[in-house]
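Input: a single structure, listed below in structure tokens.
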Amino acid sequence: MAPSDAEIAMLKELALAAYAPETDHSRELQVKNDMIDDITVADGAVDVRGRPSIKSRTGNWKACWPIFGCEVCERVAFYAISSNLVIYLTTVLHEDISVSARNVNNWSGTTFLTPLIGAFIADACLGRYLTLGTFLCGYFLALTFVTMSVTLPVLKPPECKELTSALTKLCPPATKLQRGFFYFALYLMAMGAGGIKSCVTAFAGDQFDITDPVEAKRKMSFPNWWFVSISFGTMLSVSLLVYAQDTIGWSWGYGIPTGIAGLATLIFFIGTPLYRTHHIRGGSPFTRVAQVLVSAARNWRVSVPTNPELLYELDDKEALTQAHGKLRRHTSGLLFLDKAATVQVMEHECVFRFEEVIKPDPWRLCTVTQVEEVKLLVRMLPIWVTNLMFSAVFAQVGTLFLNQGTTLNRKMGPSFQIPAASMPLFVTLTICIFLPLYDKFFVSAVRRITGDKRGLTMLQRIGVGQVISTLSITVAAFVEMKRLRLAHSLGKDYVGPLPMTIFWLLPQYMLTGICEVFLSVGQMEFFLDQAPESMRSLGNALYLSTVAVGSFLSSLLVSIVTNITYDSNGGWIGNNLNESHMDYFYWLLAGLSLLNLLFYTFFSKRYTYKDCNKADGSRRSPESPSSDSSGTLQSGHCLTVPNAVAPLGYKELK
């Protein structure tokens, strides 16, 4: 029944009262909206209970400190155990030196690969907060088991009363229970580290609202101060805790980091009201990637339309339930992947009918946003590959650099002798000194030249780090040449440390520290920033995986060089370093680093940064934010078509 004239008049009055700018109602509504904008976070962050985050009460640096504590405790525990793990395996568990070295390498590599598992769980199931809290508890439990293993007599073999070169023959071997329990604790620790490493930086980054200029500026400084905090954790481990293990005992040396981990876990949960979280609704990142690849393969015969507006995409309302509610704008390149979002003409009526979108099979048809997420990952892969060489060079800090140091004069004064294993402290000290200077002075000075808000772009920062990395291994080669000349001049009968101070190694350690400031921080920022919003934990895992794969690459190079160059003196890397040619191996690394730098420069110049600001277009209203009131498309938004991106033939079906 049609409404009467009186009803129509009443509706008009109500509409004018609600929308006329001169009415008190509209002003009250505007004031309320302004108040809501002032107190809530604009990027859609919520607290752990799912309520909108209050800007003044949550996030920012006050929420980052408990999260910082998580990573610091993980670093303290990891380096407290890994620094002397070979010594423990040979002197307590009575393993052969070669066996213990292999076991340490396997465990260390696993520790830096498990973040891929943690990233999958965080992005697909639990979210970052629950993943971080769960794995923190598991990490603390693992450290408790490790401490029990080195403390309880039943979990370790009897001590050796007489130590000789034939250690395993004179000492009772560890039982299967003792070895099994200890390695179970170690690998449980590696699994816990995977959940922490993959989520902790991404979760800390969630505490800053990138739509707020003030908080966005703070977030740019976050990676630098983050690296300083974990560097202090490393310093604590390789100095005080290693000293406690050597002088007081293994129980105290492992028990102290266990207590620190327990305290950090408690502080993390106490800080729960301060945290901002983001609902990750995109599902498993691996599944989303597989869907795009399978769909593109199935549609390999389909022609991609020249107009990207004809590719399949969700509308704004449905986007709110997907991957942070962000729709990504179509980009050129990698056109084969666009086939995954191309709707075949015969399938139009199956996909769109009566103006209602019927969800297609995601293994046959994907959205533009999903395709663009995969494009982001594919574009990051060359950068990932060309950063592996740095990790291979950095692996020498804890291996061959230490071997160099053991042959030199390590005395400081009449009675004190600096341990060769303490020299990596200078790497950490350099980081702690140079990184605040970089953030305070270098960025502002370079910003005036480049005009970039970061001073150097992320890829430029990594590139500078690769140059310094090449320089550091070159300096190491020159120092090794000097050491060998001195050793040869003294003759083969010379026994004892060479009359050359260990501080000749200081330049290569300090250059490695400066390299870390540029390269490692730049890597972390790049992989975290450029990963899709629904896969940030996976991006952080990619950064950490460069350490693991780089370490395995270093081991592979050492094995190949040893097998090829082996002779009566042991080859390039023999047991007698005074008769070997470790400088040749350093020159090999320098050459490979230079070649790698050329490839990195080639790929970095062709890399297209993700436009984060233009990726968000789905939170403000049910209508398309990429169109004005008349439906005309506006530039600077990710959505390319109002409401829904319609495939060919959709308008005809209407």
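Yeah, the Cβs are placed from backbone N, Cα and C, and that goes for glycine too.
Database features (TrEMBL):
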REGION    614-638  region 'Disordered'
TRANSMEM  129-155  transmembrane segment
TRANSMEM  181-204  transmembrane segment
TRANSMEM  225-244  transmembrane segment
TRANSMEM  250-271  transmembrane segment
TRANSMEM  383-404  transmembrane segment
TRANSMEM  416-438  transmembrane segment
TRANSMEM  459-481  transmembrane segment
TRANSMEM  501-521  transmembrane segment
TRANSMEM  542-564  transmembrane segment
TRANSMEM  584-603  transmembrane segment
Check: the transmembrane segment (383-404) vs the transmembrane segment (250-271): three or more C-beta pairs under 8 Å (separation of 6 or more)?
Finding: no
Margin query: At a threshold of under 8 Å on Cβ distances, which of 129-155, 181-204, 225-244, 501-521, 542-564 pairs most often with the transmembrane segment (584-603)?
Written below: 542-564
Checklist line | Chain residues in Cβ proximity to the transmembrane segment (416-438) (below 8 Å; excluding those fewer than six residues from its ends, i.e. six or more beyond) | finding: 83, 224-225, 227-228, 231-232, 234-235, 238-239, 242, 397-398, 401-402, 405-406, 410, 502, 505-506, 509-510, 512-514, 516-517, 521
Next item on the list: Rank 129-155, 250-271, 501-521 by Cβ pairs under 8 Å to the transmembrane segment (181-204) and hand me the top one.
Entry: 129-155
